Amino acid sequence: MACVSACLTSNALKEATGLAAELCKQFYQLGWVSGTGGSISLKVPDASIPVEEQLIVMAPSGVQKERMLPEDMYILDADGNILSAPSPKPVPHKPPKCSECAPLFMKAYKMRKAGAVIHSHGMESCLVTMMNPGAKEFRITHMEMIKGIAGHGYHDELVVPIIENTAREYELTDSLAQAISAYPKTTAVLVRNHGIYVWGDSWISAKTQAECYHYLFEAALRLHNLGLDPADPKHGPLMSWKAAATRGLSNGIELSNGTRERVFDRPAKQQHQDPLVIVLDIEGTTTPISFVTEVLFPYARDNVKIHLESTYDSEETQNDISLLRKQAEKDVNDGVVGAQMIPSVSAEKEQIIAAVEANVISMIKADRKITALKELGRYKENFLMMFQRH
């Protein structure tokens with residue numbers, strides 16, 4: 001007891017409370033503790049006392065962090081019991097209250113022998129958990145600032161567990177403990193739609209890592225917005241919209257009652273040859289008309305016979321031929337140049353295809369906007385596959 005009393009009046013404690021107040025101001029400027037959110041806690045360094053037995057300085061809850069003074073801090077023993085509380089302030093200030101983060105801070109102190117713990121509401125730490133609502137992990141690799149995270153190098157993949165948010169801060173305690181246990185290498189835990197808890201063996205380590213984590217989250221968000229993969233060593237393009245949601249934010253480990261359960265595996269990376277051309281319906285797009293007249297129409301003209309021969313017996317192609325037969329008959333009666341009658345369905349296949357091809361080429365040459373030609377242009381699978389191979 002005498003030792004505790006002596007510690008409460010020590011210079012080390014005064015320096016620690018002053019440091020906590022100063023860090024609150026700095027973190028406010030960074031956007032980590034605005035709106036009274038977020039918090040900080042640190043051990044009172046004393047070389048004569050093991051880290052796990054040192055006193056703890058903790059910021060209060062629901063206060064303006066940028067206005068914190070040394071005397072506003074709570075002092076706790078190594079087990080989280082309050083030894084000293086700040087004096088109440090006059091209205092409009094509310095009665096002092098120890099941080100709701102206290103039980104979560106204590107998990108980092110007990111399970112990792114931390115020297116300091118930071119809880120940030122930084123925007124990037126919140127947004128990065130929203131990139132994929134089902135992700136249980138954040139992943140990134142080959143970024144210089146990864147070297148600022150304890151136990152990691154440039155070539156390593158940084159993995160940060162994500163836990164689900166709750167209505168009250170203290171309700172996160174068990175989930176945070178499970179994440180700490182399941183990820184022995186991590187020095188942080190993300191809380192979805194909320195923020196992050198970061199710890200280190202000293203306040204310097206915790207602060208440095210927190211800065212690096214926020215940098216990496218911002219980098220991941222920017223890479224993702226550019227369609228690039230933060231979890232790819234080369235940061236190449238995301239493979240698909242589904243992959244964009246899972247790469248960098250993956251379904252890794254489901255935490256349940258302190259156990260580790262593998263959930264959805266990350267999809268295997270697939271290599272796709274980039275297409276030379278993407279074919280779109282003309283209407284409602286910004287496709288240049290020059291591309292239509294100089295590329296699409298000539299290709300259709302040169303390959304319509306191949307298409308008709310390969311799909312002749314299909315219901316869709318027979319319907320197209322029927323429309324073209326009616327149009328050709330009308331064109332012949334109207335004296336349209338290049339039009340010719342298309343034989344009936346009882347005629348030889350080769351005769352019908354030859355007549356259809358001749359009419360289609362004539363229609364394309366005249367740039368006619370008629371239903372029969374448009375319907376033939378809607379070759380969904382076979383025709384477009386031929387175009388892609390070409």
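Just so you know, glycine gets a Cβ as well, placed from its N, Cα and C.
Under the heading domain 'Class II aldolase/adducin N-terminal', TrEMBL lists 18-221.
Of all Cβ atoms in the shown protein chains, 24 besides its own fall within 10 Å of the Cβ of Cys101 (substrate binding site). In the three-state DSSP classification, Cys101 (substrate binding site) falls within coil. The substrate binding site feature in TrEMBL is assigned to Cys101.
A 10 Å cutoff on Cβ-Cβ distances gives His121 (Zn(2+) binding site) a total of 20 other Cβ atoms nearby, all chains included. Among the features that TrEMBL reports, Zn(2+) binding site is placed at His119, His121, His194.
Sequence-distant neighbours of Glu144 (active site, proton donor/acceptor) (same chain, 6+ apart, CB under 8 A from its CB) are Tyr154. For Glu144, the entry in TrEMBL reads active site, proton donor/acceptor.
Straight-line distance linking the Cα atoms of His121 (Zn(2+) binding site) and Cys101 (substrate binding site), rounded to a whole number, equals 12 Å. Least crowded of the binding-site residues (His119, His194), judged by neighbouring Cβ atoms within 10 Å of its own Cβ: His194.
Restricting the average to the domain 'Class II aldolase/adducin N-terminal' (18-221) gives a pLDDT of 96.
Cα separation, His194 (Zn(2+) binding site) to Cys101 (substrate binding site), rounded: 13 Å. Secondary structure from DSSP puts Glu144 (active site, proton donor/acceptor) in a helix.
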